[in-house]
Amino acid sequence: MVLTLKVISCAMNYNDGLLKEEDLREAQKKNRLIKLPSLIEYFGYCLCCGSHFAGPVYEMKDYLDWTEGKGIWAHSDKGLSPSPYVATLRALVQAAFCMVMFLYLSPSHPLSRFTDPAYQEWGFWRKLSYQYMSGFTMRWKYYFIWSISEAAMIISGLGFSGWTESSPPKPKWDRAKVVDILGFELAKSSVLLPLVWNIQVSTWLRHYVYERLVKKGKKPGFFQLLATQTVSAVWHGLYPGYIIFFVQSALMIAGSRVIYQWEKAVPTNMALVKKAFAVVNFAYTLLVLNYSCVGFMVLSKHETLASYGSVYYIGTIIPIALIILGYIIPAKPARFKARKEQ
C-alpha cells in the first residue's frame, strides 16, 4: 500500500517537472522532480527501511535531500544538528502504552459480537456505546504500529522537518508523525479527522487527488470529496466494508461542514449559541465516526449492514439530513446579518 503511493507520487512529480512552473500549485512546485532519479535512488526511496511496511509515506524530493544532506538536512553554519533520541524515546513509550491499551480492551470488545444474536437483543444506547468502544479499541492497534514507524523515521533523521521559532530552537519531527491520538479522539469536527489520522496519507490524497480534481478558479465541492474518499477506499482494498466506510466518511465530513457553517453564521454576541453548535458538532463526529468505522473493521457487507441496521442507520440518516438542510437553510455570514440589523 505504501509502495503504491510512492510509485504514483514519484511519477506525478516527475511529470510536474516537465510542466511550466506558473501552471503548478504550491505543493507541485515544492515536490516536482526536474531530473529523473537514478535506479538506486528510486529503489532506495521505494524500499527505505522504517517506513516500508506501515508508512509514513513521504516525497522523493525530501528523500533525495535527506540522503544528499541538502535542504533542511544541510549542515548549518550555527552548528545545529537535531538530536533524535528524546523524540524517539517518546514515540517508543507511546507505542508501548498503545499496545497495552489494545491488549487490555480487545478481549472484551470482539468484532464478532455484531452478528451475535445476543447483540441484537440489546437496547439502542447499549448497541451505540458498543460501536464506540469497538472503534476506540481497534484504533489502539493502529496507534501502536504508527508510533513504532514514527520512532523509526525519527531515529533515521528523515522525520526531521525543521526548527521551531523558540529560543533556543527545538527540532520538529512532523514528517514522521502519522497520527495525533488526542487530536483524533477529541476532534471537534469531522473535517479535522483527516488532518490527525494517517496524516501523511491524508496529505498525499489532498495533493495528488483532491486538489488536482479542482479546476483553476473553482472551489472544491462534494464531488472532489467523494472521489478522494473513493480512491482511498480502493487503495485500502476492494472489500465492501471499506467502500461503505469511505462513502460514509464523505457524508460525515459534508454534514459536519454544514454544522460548522451554521456555527460561523451565528453573531459573535451569541457566544452560548456558538458553543452549543460546537458541542453538537463534537457529538455528531463522535457518533457518526464510530458508527461508520464498523465497516472499516469488519470488512464484510453482511456484518457492516447488520451493525448499521441495529441502530436504525442513524449514522447515515443524520449526515444526509444535514446535507439536505444545508441547501434548504444556507448559512449566511454573521457580518451581513449584523449590517442588516444596523
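Just so you know, glycine gets a Cβ as well, placed from its N, Cα and C.
Automated prediction, rather than curation, is the source of TrEMBL annotations.
These come from TrEMBL:
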TRANSMEM  39-58  transmembrane segment
TRANSMEM  85-105  transmembrane segment
TRANSMEM  142-163  transmembrane segment
TRANSMEM  233-255  transmembrane segment
TRANSMEM  276-299  transmembrane segment
TRANSMEM  311-330  transmembrane segment
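Counted over residue pairs 6 or more apart, the CB atoms of the transmembrane segment (39-58) and the transmembrane segment (311-330) come under 8 Å in fewer than three pairs, which marks the two as apart. At the 8 Å Cβ cutoff, the transmembrane segment (142-163) and the transmembrane segment (233-255) share fewer than 3 close pairs (sequence separation 6 or more) and do not count as touching.
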